Amino acid sequence: MPDYEKVIEASGNGRYSKLNTVLGKGAYKVVYKAIDREEAINDNEITNVKVTRQEFKDLGHEIDILKSVRHPNIITFHDAWYNETEFVFITELMTSGTLREYIRKLTPLPNIKIVKRWCRQILKGLAYLHGHEPPIIHRDIKCDNIFINGAHGEIKIGDMGTAEMKNGKKYTVIGTPEFMAPEMYEEQGYNEKVDIYAFGMCLLEMATGEYPYGECTNAVQVFKKVTQTIKPECLSRVQDPELLTLVNICLTPEDERMTAQEILEHRFLAVEPEVVLVSKDMTMKLLTLQVVFKGMDKLSVKFEFNADTDTAADVVAEMIEEQVLQNCYQQLITCEINRILRDIARNQGPPDKGEDEKIVWRRENDIRSELERAKKDLALAVERVFEAEKKCELLEQHNIIAEERCKETIFALEQAKFQIPDLLQPQPQPQPQPQPQPQPQPQFQLQPQLQYLSPQSTTSPGPTSDDNSTNSTMLSSLESELSKLCVSGDEQVETTTHSALMENVLAGKAKYYEYSNDTSIDKFVMDTAGATNRSKDKQKQWAAKLQDQDIMTVGDLRDLHDEDWSGIGLTVFALRALKNMLAGKKAAVTQRGLQGTRSGASTPVEEQEQELM
């Protein structure tokens with residue numbers, strides 16, 4: 001013991017002594033270094049927690065359980081007692097601190113091999129806890145509560161103070177919000193699978209070095225995202241596809257979530273087996289081989305192999321059929337057996353010619369079967385790549401066509417915007433003549449794809465009493481054609497110009513009243529779909545996606561923040577249509593101003609342009 005370390009307190013039985021070295025402090029506890037005088041070791045820590053005597057009595061059953069927990073990947077709980085106003089307990093000391101502190105020190109982040117090793121140890125500890133009857137739920141799994149011995153890469157689960165045995169479902173809300181499963185916030189209760197959800201968040205932190213939901217500024221935002229099953233932003237920065245798949249498996253709903261033991265058997269955490277030669281007879285024909293799974297709890301598989309009558313492919317297929325081996329190991333173990341046979345043949349010397357031919361034939365047969373299998377896999381991969389390229393080319397063509405049509409539509413609308421206000425200006429009516437000549441009407445020319453204003457309309461004499469209705473009809477035709485183009489553009493092109501154009505058109509076609517907060521979302525979506533010329537199928541799709549987000553009334557829709565709109569899952573066109581429909585009062589004022597202009601009100605040209613936009 002160094003000179004600066006001194007004993008400041010001893011346990012009631014005299015076995016443990018508390019030193020003056022403080023290892024950590026929390027809101028309710030202080031952790032000191034301690035010595036075990038019976039074992040003569042100082043790799044223990046003593047923790048003082050402020051509790052009442054009654055609370056300590058209530059913890060008696062849990063303390064007895066924690067004392068009985070013994071596993072290489074769980075910090076050992078030695079003893080506990082009540083000391084006046086404090087609950088004191090002795091646990092094993094981990095030299096390198098928490099896993100979170102260790103990850104922060106690493107530059108760059110740990111590689112996949114190290115992450116796999118950590119995951120296996122954490123899952124083994126969880127599988128042990130969940131394997132009790134009834135299961136023990138930790139309820140606060142996070143990298144801050146997982147400890148490491150950096151010299152050996154040893155991982156252990158600690159801070160078992162929140163652990164509890166499960167008889168049926170639990171309802172107590174306890175833990176860290178970023179690592180708490182959605183069911184912990186609900187009234188239906190939860191089980192040991194909340195630890196699997198928290199493990200998924202730990203795996204995410206190991207892979208990215210980022211704290212889950214780091215984009216949130218408070219616990220309320222975290223709660224909202226968790227209950228809406230919105231995953232952390234750092235999930236998009238996971239590079240390894242298999243690791244990403246494993247994280248998503250851990251974050252699935254409770255009834256779909258795998259157990260700790262099942263995740264241990266996932267291919268991402270699987271250790272490649274190795275085939276070793278255990279023994280051989282004098283003739284080198286009868287061999288005893290063994291499949292060894294290093295770093296896993298699986299038992300080794302030992303089997304006999306006759307070099308004269310057996311082939312590697314047949315023996316491995318037989319073991320898979322008898323469920324001794326998993327199918328995913330077939331190719332690897334077959335190659336390993338063939339490697340051992342080649343080594344024996346090379347060291348044995350030149351065999352008889354007949355036997356040599358048999359061995360060569362068997363080896364060639366095995367190689368041919370492996371090549372055929374590889375060819376099939378390659379052909380399938382090439383076919384998938386070809387199909388993906390075709391889809392990409394088709395999407396590019398659709399995007400080009402949609403962009404061209406959108407540009408033409410914008411040009412046509414600009415033409416209409418600058419020509420129609422001149423036609424809408426009130427003109428003096430011509431004096432009646434004895435034999436009036438028919439006034440030439442404005443001419444409009446219909447192009448193959450869009451309707452444009454004919455140049456003649458700008459030079460025609462002053463409009464008659466039917467001119468306003470003709471111009472209105474022309475504008476309606478342009479809006480109708482634009483809506484048709486936007487149906488395809490809604491699914492393929494979402495440029496800034498296109499979105500702004502949709503908003504301007506929708507603002508002129510919206511219903512002219514405000515909706516009350518208790519208006520049903522079905523009624524609101526039906527009006528929006530009707531105003532934008534959308535089909536009933538589109539209406540149902542919009543309503544379904546809103547209701548999936550628990551948006552049942554117009555009031556729920558108004559309560560959404562800007563960042564919440566993007567999480568609904570609708571297209572940009574649909575979101576803008578819904579937002580315009582919410583602004584019904586503004587649209588009504590705009591429409592009344594436009595009607596006043598057409599009936600002869602003296603509105604300036606600039607105001608008319610603003611109304612049309």
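Please read every residue number as a count from 1 along the shown chain.
Here the Cβ of each residue, glycine as well, is placed from N, Cα and C on the backbone.
What Swiss-Prot annotates here:
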type: ACT_SITE; residues: Asp140; note: active site, proton acceptor
type: BINDING; residues: Leu23, Gly24, Lys25, Gly26, Ala27, Tyr28, Lys29, Val30, Val31, Lys50; note: ATP binding site
type: COMPBIAS; residues: 427-441; note: compositional bias 'Pro residues'
type: COMPBIAS; residues: 442-475; note: compositional bias 'Low complexity'
type: COMPBIAS; residues: 592-602; note: compositional bias 'Polar residues'
type: DOMAIN; residues: 17-269; note: domain 'Protein kinase'
type: REGION; residues: 424-475; note: region 'Disordered'
type: REGION; residues: 589-613; note: region 'Disordered'
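Comparing the binding-site residues Lys25, Lys29 on other C-beta atoms within 10 angstroms of each C-beta gives the minimum for Lys25. The Cβ neighbour count for Asp140 (active site, proton acceptor), using a 10 Å radius over every protein chain in view, is 20. As a whole-number mean, the pLDDT of the domain 'Protein kinase' (17-269) in this prediction is 84.
With respect to their backbone Cα atoms, Val31 (ATP binding site) and Asp140 (active site, proton acceptor) stand 18 Å from each other. Asp140 (active site, proton acceptor) and Lys29 (ATP binding site) are 16 Å apart (CA-CA, integer value). Across the fold, the C-alpha of Leu23 (ATP binding site) and the C-alpha of the residue listed as 'active site, proton acceptor' stand 21 Å from each other. For Val31 (ATP binding site), the count of additional Cβ atoms within 10 Å of its Cβ stands at 18 [all protein chains shown].
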